[in-house]
Amino acid sequence: MVRLYTDDLSIGYGERLIVKELSVQIPDQQITTIIGPNGCGKSTLLKAITRIISHQSGSIVLDGKSVTKENTKQLAKKMAILPQTPESAAGLTVGELVSYGRFPYQTGFGRLTTKDYEVIEWALQVTGTAEFKYFPVDALSGGQRQRVWIAMALAQETEIIFLDEPTTYLDMAHQLEVLELLQKLNKEEKRTIVMVLHDLNQAARFADNIIALKGGQIVKAGSCEQVITQEVLRDVFQIDAEIGLDPRTNKPMCITYNLLKGE
Amino acid sequence: MKSSIRFSIKFIIGLILLFAMFIIAMVFGAAETSIQDVWNALFSNLKNDQINILREIRFPREVGAVVVGAALAVSGAIMQGITRNPLADPGLLGLTSGANAALAITLAILPATNYLGITIACFIGAAIGAIMVFSIGTIKKGGFSPLRIVLAGAAVSAFLFAIAEGVGIYFKISKDVSMWTAGGLIGTNWIQLNIIIPFVSVGILVAILLSRQLTILSLNEEVAVGLGQKTGQVKAILFIVIILLAGSAVALVGNMAFVGLMVPHIVRAIVGTDYRSIIPMSVIVGAILMLIADTLGRTINIPYETPVAAIIAIMGLPFFLLVVRKGGGAFQ
């Protein structure tokens, strides 16, 4: 079942299109990862789908309705976006920041209801950040801070969650921690997760569905076995990759690679 | 819940301090007056020289200090929130100088303009000044860096002050213009206050209503959109609020930098960084700061007045340097 798709989507200004006539489906209740070289339009695509930036032509459809026509607050109850490393929480405490995830459900002065408090508490628990509730977000480590931002997106109670490079600036262990949290949310809470990742092996390990972009167009979209192949990686990243199987997960992985020369 | 209770206590303490400072400001001045006189002036129908001075001169003047302090502090807080720039201040970002220039031009072309006309001219001038600064500051790609905005603000302010002065000299109204723009509360009267107070009240009220939106906006614009905020609409309304508040302040006291810069930083140290707390607390702290500055101005060198703008600047400059030195660290 597909609730969210783009049709002939072009993003950019005038002749300079960053994403060109892109049609893609985001499978429901799965983890979809967007990969591609720098400047290929990954983040741009994510931002356009989540109506942060406007697109030039084509359409983005969620539940049969164009996202540009949908009321932005209603949309915020259906999809949450965690942008690339929000630099600062402006001094808010963890609890305060996560409570702002309830924004789409509030009116007027925004007094929190019992239901709001329950959801906030749940979001803190599931992301393992409840113990920091009264700490300033900016005092936490990178991995903890990222989990807090994810908690805020969770407090939005959306079925779809978008994340733009959620593992950037984190060390290996914390990267895995964040990805495992997302996987858990997908498996246990049936959330649809769409994220941009740089690390191919992480993409292969955690994604049900990978979209490989280059120059604003799809080179290949499908399961990790279909996308993490020598041919696709050559085309997308201009690399000569050696693909093997991860002995623990049995997912394809790029064991080593060289730059392609002379082309 | 806990933090909102703590905020109420802080807010009430602030209110008490504000009231106390208001009484102190009323008691001290060039004319000898006692607390008894102040009490009678405020709460009785008695009349004598002291009481009349208090009622007709000092009372409106201190009310003016409260209104200007609150207006500048709240507009500064909003600007810092929207631009995510710890150095934002209506004086630094061209609003004050724009309103100043508009005021000079109005006095030159339409000398008979009434106070409401001058106030509206100040609104328009403030808007033009701010638009100039923001368009120059963001002209380069990846614009909106705190430093570039401040530089643009300095350049535009210098330009607009030059216009105000040039107009003053050319039309031989320099004295009138500087009477307005010297940054003082001398001669504040009820006619002015009756026009200014509604604008400032509306501005502050809207700011409080939008304070939750402002906190989200101050985090990150993409986060704000993702949470379902109509960011364009919110920013446009807040921009109008800033113009109303800063324009009103200029119409009343002229040029007054640093209040809008300092107060929000002091307030953040007291109540944290949620604008739901920052905005109301800025009203109180801004008012108290202006009352202190005005009382000092009236009493340091009796019977002469020391310009309030100078006193604020003496307090503000070290503060500005501190914020720069901490790299906006006081912002967090």
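Including glycine, each Cβ sits where the backbone N, Cα and C put it.
According to TrEMBL, the protein has these features:
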- B:12-31: transmembrane segment (TRANSMEM)
- B:63-79: transmembrane segment (TRANSMEM)
- B:91-110: transmembrane segment (TRANSMEM)
- B:116-137: transmembrane segment (TRANSMEM)
- B:149-171: transmembrane segment (TRANSMEM)
- B:191-210: transmembrane segment (TRANSMEM)
- B:236-258: transmembrane segment (TRANSMEM)
- B:278-296: transmembrane segment (TRANSMEM)
- B:308-324: transmembrane segment (TRANSMEM)
Compare B:12-31, B:116-137, B:191-210, B:236-258 by their Cβ pairs under 8 Å to the transmembrane segment (B:91-110) and return the stretch that comes out on top.
B:116-137
In terms of Cβ proximity under 8 Å, which residues at least six beyond the ends of the transmembrane segment (B:116-137) contact it?
90, 93-103, 105-107, 110, 143-144, 148-149, 151-153, 155-157, 160, 195-196, 199, 239, 242-244, 246-248, 250-251
Does the transmembrane segment (B:278-296) come close to the transmembrane segment (B:12-31), meaning at least 3 CB pairs under 8 Å for residues 6 or more apart?
yes
So which of B:149-171, B:236-258, B:278-296, B:308-324 is most in touch with the transmembrane segment (B:63-79), counting Cβ pairs under 8 Å?
B:278-296
In terms of Cβ proximity under 8 Å, which residues at least six beyond the ends of the transmembrane segment (B:308-324) contact it?
86-87, 182-185, 253-259, 261-262, 265, 289-290, 293-294, 296-297, 330-331
For the transmembrane segment (B:236-258), give me same-chain residues lying six or more residues beyond its boundaries with a C-beta closer than 8 angstroms to one of its C-beta atoms, as numbers and ranges.
64, 67-68, 71-72, 74-75, 78-79, 82, 89-92, 95-97, 99-100, 103, 115, 118-119, 122-127, 130, 180-185, 188, 192-193, 195-196, 199-200, 202-204, 206-207, 210, 214, 308-309, 312-313, 315-317, 319-320
